[in-house]
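Participant: For reference, TrEMBL lists these features for the protein:
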TRANSMEM  31-56  transmembrane segment
TRANSMEM  238-258  transmembrane segment
TRANSMEM  265-283  transmembrane segment
TRANSMEM  321-342  transmembrane segment
TRANSMEM  362-386  transmembrane segment
TRANSMEM  459-486  transmembrane segment
TRANSMEM  507-529  transmembrane segment
TRANSMEM  607-628  transmembrane segment
TRANSMEM  649-669  transmembrane segment
Amino acid sequence: MARKGDAAASPYGEPRKFDPKFRGPIHNRHCTDVLCCVIFVVVILGYIALGIVAWVHGDPRKVAYPTDSYGQFCGQKDTPNENKTILFYFNILKCASPLVLINLQCPTTQLCVSKCPDRFATYIDMQSSYRYNKSYWEYYRQFCKPGFSKPWKSVAQVMRDEDCPSMIIPSRPFLKRCFPDFATKNGVLTVANQTTFKDGRGKTRNVTDLREAANGINNVLDARSVGMKIFEDYASSWYWILIGLFIAMVVSLLFLVLLRFIAGVLFWIFIFGVIGIIGYGIWHCYWEYHRLHGIPGSDLTIYDIGFQTDFRVYLQLRQTWLAFMILLCIVEVVIILMLIFLRNRIRIAIALLKEGSRAIGYIMSTLFYPIITFILIAICISYWAVTAVFLATSGEPVYKVMANQSLCKYANLTCYPETFNTTNVTKLCPGAQCTFAFYGGESLYHRYILIFQISNVFVFLWLVNFAIALGQCTLAGAFASYYWAFRKPADIPACPLFSSFGRAIRYHTGSLAFGSLILAIVQLIRVILEYLDHKLKGSQNVFAKFLLCCLKCCFWCLEKFLKFINRNAYIMIAIYGKNFCTSAREAFFLLMRNVVRVAVLDKVTDFLLFLGKILVAGGVGVLGFFFFTHRIPIFTQEAPSLNYYWVPLLTVIIGSYLVAHGFFSVYAMCVDTLFLCFCEDLERNDGSTAKPYYMSASLHRILGKKELSPKKLMG
C-alpha cells in the first residue's frame, strides 16, 4: 500500500493537505460555472421556444392520416373526405416501395376512398360494357376523381388527364392505404387467386410486378398479426409481469443487504473458481500432450503443417497442447502473484463494498432516486420526440405541375391550384394538372428545418446527460455526508439525499451543465458519424470506410473516458463544491495516485454487481418460465393462456435486469464515492488525535495502523 510519502512523490499532483475547517460536503458553498449555467438556462428557454414554434407550424395529422393529391386529409371531419378514410393510388406500379407510399412521394394520382377495390377491372373493359351494364360504371366511378361523370370520354384522354385509374386490383387497407391483397397458393404469389392481370394499357402483367411495387408488404402485414397477438398476451399477463418486477426489486434489495456479509465470500469463491478452472485446463493440456506421445504425425510442428482452415488438425499435434499448457501456466502464475501482492488492496475493495451496503442501509431513500432520473429522462425523450414530429410536419402543402415531362417544359414546376386554370400551362400542356406533391416551404423557417432538427437532437442529448449528472452528484453528496460523519450514524445529517439534491441544483447547475455539454458534443459527433457510416455502406471507397471506422472507434473511447472523468468530477463537486474543471483535475490526479486501488476496486465491484444482475434476472426468469408454461401445480389455474409465452417472459427478464441495474447503479455510485472519500481521508489525515480518520473501524483495521480513538470506536 502506498504510504503518504510515496503519494507526495507522485507525478500526479500533490496530495491534499489537512484542512481543519473541512467538514465534508456540508459547508459554505458558492455558485460554480455561472456562465455555463446562464447559457444552459438560455438554451432551455430557446428549446421551449423551438417547441412552441414547431407546435404552431407543425401538424401531426400529416403522419397519422394519408393525404390525397389535393393536400386534403382522408377521414378529416367537416370535409368531403370525412367518410373516405383510405388512400387509393391510381397506378401503384409507379410506386417503388412501401416507404415511398408512406412518405407520400408516389408519382401518381392519390384519391381518398371509403373502401378499397375488391376485384380486377380496367377502364377499357368498363367502357366497353357501359352501354348495356351501367352497374359496372357505378362501381368503377368511386375510384375516379370526384365529379367525373363522362364514362364515354376516350380512353386516351382519360389516361392523359388521369380522371380515372387505368385499372383497379383487389386490395386491402393497411396503414390507411390500399395495398394489393397478396396471397401465396402452392408456393406461387397470387392476387385474388390470379397470377396475371391487365394493366388497362393493353398489356398483361404478372402479379410479381405488384410485389416489386409494394416490396415486403406481406411481411409487414404478418408483423401486424403477430403484433396483435403480442398485445393480447400483454393484456392478459400485465399484472403478473408487475408481480415479477416487484419480486426482482425485493431480490435486488436483499442482495445489496447480503453484500455487507458475503461480498468477500463471493469474491474469493470466484477467484478460487478461476484458479481451479485454469488448473484443470493445465492438467488437461498435459494429459493430451502425454496421450499423443508415439502417435504418428503428432510430433510435427505447427510450422510444418502451415495454415489450415480446419482447427481440429492442430489439436492432433503435441506442440499445440504444449503451447496451451505453457500459456495457461503463465496466466495461473500471474493471477496468483497478483493475489499475493494485491491482497491488501483486495481486502480494502471488499471492505468498501461492505461499507457501501452499510451506507445504503442508513440512507435507504437513495435506492429510489433512480425513479426521479427515469422520470426526467422520460420527459426529455417525450419532448424531443414530439418536437421532432412537429418539426417534420411543419411544411406547407407544395403543388407541382403533373404532365408528360418529355412534352411539357412546365412539368414538376411549383404551381398554385387557385390560379392554375388561369395560366397558359393547360393550353401549352394539354392534360396538365396542379397536383399536391409534398409538404415543404420556401420561408426562412422552412429552410432551416434540418438545422432545427439537429439542434433538437443536441439539446436532447445535453438534457439527458444533465439528468444523469444531477443524479450522480445528488447520490455522491448523500453518500459523502455518510462518510464524513465522524460518528456514524449520529452525525449523518437529516434528509441527506434531499439536502444533496438542493445543493446540486442551487450551487452546481452550471458545473453539471458544463460536464454534460462536453459529453453531448462528443455524442452528437458519434451520431453524425453513424449517419455517415450508414450512407457509405454501399460505397466502394475503402479509405473513407477505414477512416470513418477509426473515427468511430476514437470517439467511442473518448466518450467512455469522459463518462469516467465526469462521474468522478461530480463526486468531487458534491464533496468540495468547486467548479467542474478543478474538480475533474483533482479527481483525475487523486485516482492516478491510487491507480492500483482503482483497478482492483473496479474489477471487484464489476464482478459482484454483474453477478447480482445475472442472479436477479436469471432467478426471476426461471420462476417466470415455470409459471407462464403452467409447470407450477399451485398456480396452474391462475397462469394466463398465451399465444407466445416468451412475450411476458422476456419482458420479465429484461425488466428484472433493468430493475436490478437501477438499484445496483446506486450501489456502484456509493462505492465510487466512498472510495474517493477514503483516498481523500488517507491524504488529509493520519489517524492521530489531532487528525483522526473518518473511515469506519473495519477499514481502519485493514490499514494496519494504530487504533482509533475511543470516541471513534463509539461511532
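Positions of Cβ are set from backbone N, Cα and C atoms, glycine also.
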Participant: Check for me, if you would, whether the transmembrane segment (238-258) reaches the transmembrane segment (649-669) - at least 3 Cβ pairs under 8 Å, residues 6 or more apart in sequence.
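Facilitator: Contact criterion met.
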Participant: Among the recorded stretches 265-283, 459-486, 649-669, which has the greatest number of Cβ pairs closer than 8 Å to the transmembrane segment (31-56)?
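Facilitator: Top-ranked stretch among 265-283, 459-486, 649-669: 459-486.
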Participant: Mind pulling out the one from 265-283, 362-386, 507-529, 607-628, 649-669 with the most Cβ pairs under 8 angstroms to the transmembrane segment (321-342)?
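Facilitator: So the stretch in question is 265-283.
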Participant: May I ask for the residues of the chain that lie six or more residues beyond the transmembrane segment (459-486) and have a Cβ under 8 Å from a Cβ within it?
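Facilitator: 23-26, 40, 43-44, 47, 356, 359, 362-363, 366, 369-370, 372-373, 376-377, 380-381, 383-384, 492-493, 496-497, 499-501, 503-505, 508, 512-513, 515-517, 519-520, 523-524, 566-567, 570-571, 573-575, 666, 669-670, 672-674, 677-678, 681, 692, 694-695, 711-712, 715.
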Participant: For the transmembrane segment (649-669), could you work out the same-chain residues 6 or more beyond its ends whose Cβ comes under 8 Å from its Cβ atoms?
Facilitator: 234, 241, 244-245, 247-249, 251-253, 255-256, 259, 356-357, 360, 366-367, 369-370, 374, 472, 475-476, 479, 567, 605, 609, 612-613, 616-618, 620-621, 624-625, 628
